[in-house]
Structure formats: C-alpha cells, structure tokens
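Notes for the one structure printed next.
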Amino acid sequence: MKMHIARESIVFLLNKHLQNTILTKKIEQECFLQADTPKKYLQYIKPFLINCMTKNITTDLVMKDSKRLEPYIILEMRDIIQMMFFRTLQKHIFFKKNTDLCTEYAQKIEASCYHYTYQQQEKTFLEEYSTRCGTINHIINCEKKSHQQQDNDALNKLISGELKPEQLVGMTFAELCPSAALKEKTEITLRSQQKVAEKTSQLYKCPNCKQRMCTYREVQTRALDEPSTIFCTCKKCGHEFIG
C-alpha cells in the first residue's frame with residue numbers, strides 16, 4: 001500500500017515538470033519493472049526527479065543509470081522496435097491472418113531482447129539492444145534473399161508453436177537457423193581442405209613483363225561443380241593475376 005502511494009506521488013511530481021502524462025507513466029513503470037526492491041526503484045527514479053527539477057530532462061532522452069543503463073534509453077524506441085517485428089512477421093501469410101497473435105509475438109520478442117540486453121555489461125545498453133533486435137528481425141524475415149521461405153527454420157518453428165517468441169533472444173545462430181549454419185560450416189570445411197600449394201609452370205604468361213616464369217595455385221572460390229580459379233604470381237616481376 002505504501003509503495004502504491006509512493007509511486008503515485010512520484011508520477012505526480014514527474015508529470016508536474018514534464019507535462020506529458022504518457023511519457024511520465026512510461027518512465028515510472030520502466031523504473032518499477034527494472035527494480036526488484038523498493039531501494040533499487042528509488043535508485044532508478046531519483047535521476048529523473050533531479051533532472052526534472054533542474055529542467056535537464058527532455059521527452060527524447062529519458063532514462064539513465066550510470067553504468068547499467070548508459071547513456072540514455074529512448075523509451076519510444078521500444079514501440080518502434082515492436083512495430084518493426086510486427087511488420088516483419090506480417091510479411092508471412094500466417095501472421096496476416098492472425099493479427100492478434102502477430103502483435104503478441106512482436107511484443108514478446110521485443111521484451112525478451114530488452115531484458116536480455118539489460119544483463120549485458122560489455123556494451124552500452126542501447127547498442128546491445130538495437131544490435132540484438134536487428135539480428136533477430138533479419139532471421140525471422142521470410143523475404144530474405146539469402147534463402148527461401150521454407151528454409152526459415154526459426155520462423156517455421158514460431159508458426160508451429162515449437163518455438164516461443166521470447167526464446168529467440170537466447171538462442172545461437174546455429175540453433176535459430178540450423179540449415180543455414182550447417183551449409184556455412186560445410187562450405188568453410190571444404191575450402192579449408194583445398195590444396196593451395198603453389199606450383200611453378202610456364203603455361204601462364206605474365207601480362208606485365210610477358211615472361212613465362214610463374215607460380216600458381218588453384219582455389220575453389222565458386223560452387224563445387226564449377227572449375228577452380230587459378231591464381232598466378234610472376235617470379236620475375238611479382239605481378240599477380242588470374243590464369
């Protein structure tokens with residue numbers, strides 16, 4: 001009961017200076033959700049009260065906690081991110097037909113990203129948060145050019161219910177996209193096994209000095225069913241060219 005009264009008083013004080021009821025409630029609620037004790041709640045809300053009274057706070061720069069939430073968290077950004085996830089999911093016909101579920105999933109994905117990045121210490125909160133959201137948005141995009149829609153493992157699992165939206169944030173790339181990860185791993189393995197030993201030959205003529213004293217090596221830079229690329233180096237002038 002005392003906590004409830006304290007929260008109402010803080011909202012009143014903040015709004016008195018901000019003159020923005022929606023923003024005031026967002027700030028107060030965010031501080032309350034992030035704090036697991038009344039002491040931490042007061043610790044988070046204190047900078048706002050001070051900034052409001054000194055008129056240093058604006059509606060664009062709203063939240064600061066010296067180390068864990070630096071420099072500022074733009075609360076409106078969370079709404080923008082949620083809308084980004086919503087629009088990405090809506091590209092799939094399943095979510096076009098299930099708008100409520102699409103909204104729920106977009107909110108849960110964003111919330112999980114927010115709480116996940118809140119725990120990270122190495123980077124600034126905003127940098128880590130926006131990076132993580134961008135990665136997941138790319139992964140669940142069914143219109144990606146990198147693969148066909150049926151190969152989108154993460155999106156298909158979301159639709160089938162096998163994967164919950166809030167689970168995305170804690171998964172590795174290999175877990176989110178096993179097909180793409182396996183393909184990438186296979187390509188790396190094959191290329192690492194290539195024979196790249198240099199050989200000497202007079203078959204290739206240097207376009208620079210016109211001599212036929214070159215070393216060459218074969219590298220599989222394209223698909224496996226296409227011929228290897230021949231990289232040549234002239235022993236006379238050092239010019240490098242493709243044979």
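Using N, Cα and C of the backbone, Cβ positions are placed for all residues, glycine too.
Record note: among 38-78, 161-201, 202-242, 202-242 is the stretch given as zinc finger by Swiss-Prot. For the zinc finger (202-242), DSSP puts the residue distribution at 0 helix, 15 strand, 26 coil.
Note: the Zn(2+) site is recorded as Cys206, Cys209, Cys234, Cys237; in the same chain, Pro207, Asn208, Lys210, Gln211, Met213, Cys214, Lys235, Lys236, Gly238, His239 also have Cβ atoms within 8 Å of that site's Cβ centroid. Figure note: comparing Cβ neighbours within 10 Å for the binding-site residues Cys206, Cys237, the maximum is reached by Cys206.
For Cys209 (Zn(2+) binding site), the same-chain residues 6+ apart in sequence whose C-beta sits under 8 angstroms from its C-beta are Cys234, Lys236, Cys237, His239.
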